[in-house]
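The structure appears right after this line, and notes come after that.
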Amino acid sequence: LENGLARTPPMGWLAWERFRCNVNCREDPRQCISEMLFMEMADRIAEDGWRELGYKYINIDDCWAAKQRDAEGRLVPDPERFPRGIKALADYVHARGLKLDIYGDLGRLTCGGYPGTTLDRVEQDAQTFAEWGVDMLKLDGCYSSGKEQAQGYPQMARALNSTGRPIVYSCSWPAYQGGLPPKVNYTLLGEICNLWRNYDDIQDSWDSVLSIVDWFFTNQDVLQPFAGPGHWNDPDMLIIGNFGLSYEQSRSQMALWTIMAAPLLMSTDLRTISPSAKKILQNRLMIQINQDPLGIQGRRIIKEGSHIEVFLRPLSQAASALVFFSRRTDMPFRYTTSLAKLGFPMGAAYEVQDVYSGKIISGLKTGDNFTVIINPSGVVMWYLCPKALLIQQQAPGGPSRLPLL
C-alpha cells in the first residue's frame, strides 16, 4: 500500500500470543488485557533500549472492546479494563515516542466474540480509530464469508485513507483464503494493505515455528515477489522470551524472520524477559539487516539431505545476509561449502561478520571453502559486504581493483 508507511517491516510489541484473551483482571491483574498492560509495555519499550532500536508499535489485539457498541453504534473499550479510554492510551503511548495499534475484525464478531466490523460499519469504525489517534489497524477475518472479505478489506483501506490520519493497515485476509493464488490475489493485497498474515497463528512451540518456516519457504516463489517497502508478508509474532523455544531455537526464529523481511512484533512479557532473550531481540546488526531499505525478502537457496538449509537475503550496497540452519537433532554439525557454491560471483572477496558472535572474517574469497558449526535446531548467520571485485582490464597497467557496486 503506497501510503508512505511501513517502508521497512514494522517493529514493536503485540499482546496476543503471550496474553491472549485473558480478561480476568480481578484475579490476574498483571496479565489481563487492560490499559495497565499496554502502559507498562510502553514504559518498557521506551525505557529498556527497545525504542532506539526501532521497536515502536504497541499493538492491542482482541478482547479490548466492550461487549456492545454504544448508543451511536460506535465501538467502545471495556469500561472496567480501559477506564480512561483508547484516546488516553494513545496519548500515553505517543508521549513516549511510540505508536499505537488496535485490533478489529471484519465480520459479525471478533475471533474472541467481541463486536466485529460488518460491512455497514467499516467507515464508522475507521473514523473512530482515527479520532482515537490510532497509528495501525490489524483487521482480522473471523465470522465473515469470502465474499464479505473481498468487499470489506479494500473498503477498509479506502475508509482509513479518507480519515486523513496515517494508519498502517495489517490484513488477515489471505490467511482466511489459504494463503495462495488463485484464491489470494497478492497484486491486489499489495495495493490495499501494508502487511498481511498469510498463514496460521503462531503458538508457543518450536513445531509451530517450523510449520510457518516450512510453509513460507515451500511457497517462496509465490510469496517473495510481493514483499517490499510498504507491503510485507507477515509470518506472525516473535515468541522469543516465552516458554516454548530453547535458546538455539530463539536465535533461529529471529534469524529466519529477518531473512524473510518479516515484521518484528514481539509477544512476550517485557517486564520479566530474560537477559538472553533480550539480547537476541536487541541484536543491532540483526535489526539493521531486517530493516534494510531495499526490503527484499530472502529465500531458501539450499536444502541438504543432511538436514542443513541455507537462506540468502540480498541487501543494499551489494551486501547480503546468509543463514545456515540445522534441523538436526543429534549434535553440532560441521557444514562445509563455499560462496561460489552458494551462487556468489567469482573473483570477489567479502568481509564477513557473524551476526550473533560478532566475529569477523576478512577477505573471504568466493572460491574459498569454509566450515560453519551449526547447533541442533540452531543457526549461524552471516552479514557479508563485498571488499572489491577483481576485474581484468585490457587497459595498460594490468588488473585494477574496482569497488563492487
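Glycine residues also receive a Cβ, built from the backbone N, Cα and C atoms like all the rest.
Between Cys25 and the candidates Cys21, Cys32, Swiss-Prot records a disulfide bond only with Cys32. According to Swiss-Prot, the residue from Ser162, Ser172, Ser208, Ser211 that belongs to the substrate site alongside Asp61, Asp62, Lys138, Arg197, Asp201 is Ser172.
Within the set Cys63, Cys111, Swiss-Prot assigns Cys63 as the partner of Cys21, by disulphide bond. Bond annotation: of Cys111, Cys171, only Cys111 is listed by Swiss-Prot as forming a disulfide with Cys142.
All protein chains shown were included, and the count of other CB atoms within 10 Å of the CB of Arg197 (substrate binding site) stands at 25.
Sequence-ordered, the extra residues of this chain that approach the substrate site, with Cβ no more than 8 Å from the Cβ center of Asp61, Asp62, Lys138, Ser172, Arg197, Asp201, are Trp16, Tyr103, Cys111, Asp140, Ser170.
Checked against Asn161 (N-linked glycosylation site) by C-alpha proximity, the disulfide-bonded residues Cys63, Cys111, Cys142, Cys171, Cys193 yield Cys193 as the nearest. Separation of the C-alpha atoms of Asp61 (substrate binding site) and Cys21 (disulfide bond): 9 Å, rounded to the nearest whole number.
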